[in-house]
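Student: According to Swiss-Prot, the protein carries these features:
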BINDING   22, 83, 122, 460  (6S)-5-formyl-5,6,7,8-tetrahydrofolate binding site
DOMAIN    219-381  domain 'TrmE-type G'
BINDING   229, 248, 250, 253  K(+) binding site
BINDING   229-234, 248-254, 273-276, 333-336  GTP binding site
BINDING   233, 254  Mg(2+) binding site
């Protein structure tokens, strides 16, 4: 429970029709009433709006406002909350805030309103983080995922898993503490193994969907690679329908990364055009090539571009080898030239590349671009998204805790195979239970809570 009253501007600072100053604390209504000319706010009902004026210290009018009152416990923070709807100018908003802070009210820390809502039991940690995700959403899918978190679908996943784990721990502990009681159901290693197998399956399913949700929310980091002059920059420009990257017949034109974003049927592709990889004596081009090779390790998808108008070159073969263990799609560019040189050369090289692996495209007339987009979505299992698919995690912190829980169960499986004593099993079960608890904020450390909420904007 907090005893001080806090305030902050909740709307973006700038010129607009209305700005909102949010005030929270058990004394917030009484304090704002001291500087308000209009109906007595202490006597208003909760969830009501009152017209009036904010007064200066000399009792002159500072601004004409609408005051929204939300009384505990039915407010965002769980405390008494007042929202002052003032005129939206930068100066007048700041002056109203300063007048509020002249009372027994202090400026809120970033995220403190949401932190109070969490600590007062108005939301769990997933819901709090979903608010931040909603504010920073960059596409429609990210909004849907955030709404799923706010509606507690993901919280229910965690709660269900924890209930199953707690029930299993309880059965084990009862059998250890009271082995002599005949009316207590006996827990066997076989039964524990079946329960653990089911929990592992559930966690693996959650992880699979959560990884997809991360792509839905954040997009796919996509590296465009190839030897010089195969049309990498032309491909980037074709995606965007604009000249983002310089296109030239001179090899080595692109020496640094050129980045852009493309909406691939609802999925964001973070496209990165890279320096063409080849042997060169140019020191600047060498730096670009080295950076490209490092970026290969960070890419979530590689678009390897080959030139259909040329036979497979040694540099192409080296790139095919370099990227063979990475998620990649091979593109045959310049399809508009109607050349079969690339395909005809496949049988005479060591690349072991089959013609059907190549998606034929033209950066000039957009031939094959729809097929390329569909191939990308299919590769990441994003080609048939259903509403229920959004009811999983996308936050890296949540996914990490799911992975910790999964590893605990995998360790438990090994202990079961080795027929270890039954009391040992509770150790891994407890680890998994605590890892999942970290997601919703159960027994969360204060330092982590402060860190999470400090990332929120002021006034939220």
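One-based numbering along the chain as shown.
Cβ atoms are placed via backbone N, Cα and C, with glycine included.
I'm curious about the neighbourhood of these features; can you describe it?
Tutor: The Cβ of residue 122 ((6S)-5-formyl-5,6,7,8-tetrahydrofolate binding site) lies under 8 Å from the Cβ of 73, 76, 77, 78, each of which sits 6+ residues away along the same chain.
Neighbour density for residue 229 (K(+) binding site): within 10 A of its CB lie 19 other CB atoms from the protein chains shown.
Mapped onto three states, the DSSP output places residue 232 (GTP binding site) in helix.
Cβ neighbour count for residue 233 (Mg(2+) binding site) (all protein chains, 10 Å cutoff from its Cβ): 24.
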Student: Tell me which of the binding-site residues 229, 233, 334 ends up closest to residue 83 ((6S)-5-formyl-5,6,7,8-tetrahydrofolate binding site) in space, Cα to Cα.
Tutor: 233
Student: Which is it, of 232, 334: the one of these binding-site residues whose Cβ has the most other Cβ atoms within 10 Å?
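Tutor: Its Cβ has the most other Cβ atoms within 10 Å: 232.
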Student: How many neighbouring Cβ atoms, not counting its own, are there within 10 Å of the Cβ of residue 22 ((6S)-5-formyl-5,6,7,8-tetrahydrofolate binding site)?
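Tutor: Around the Cβ of residue 22 ((6S)-5-formyl-5,6,7,8-tetrahydrofolate binding site), 24 other Cβ atoms lie within 10 Å.
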Student: How long is the line from the C-alpha of residue 334 (GTP binding site) to the C-alpha of residue 229 (K(+) binding site), rounded to the nearest angstrom?
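Tutor: Cα of residue 334 (GTP binding site) to Cα of residue 229 (K(+) binding site) measures 11 Å after rounding.
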Student: Suppose we draw a 10 Å sphere around the Cβ of residue 83 ((6S)-5-formyl-5,6,7,8-tetrahydrofolate binding site). How many other Cβ atoms does it contain, all chains included?
Tutor: 21
Student: Provide, as an integer number of angstrom, the distance between the C-alpha atoms of residue 232 (GTP binding site) and residue 22 ((6S)-5-formyl-5,6,7,8-tetrahydrofolate binding site).
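Tutor: Taking the Cα atoms only, residue 232 (GTP binding site) lies 51 Å from residue 22 ((6S)-5-formyl-5,6,7,8-tetrahydrofolate binding site).
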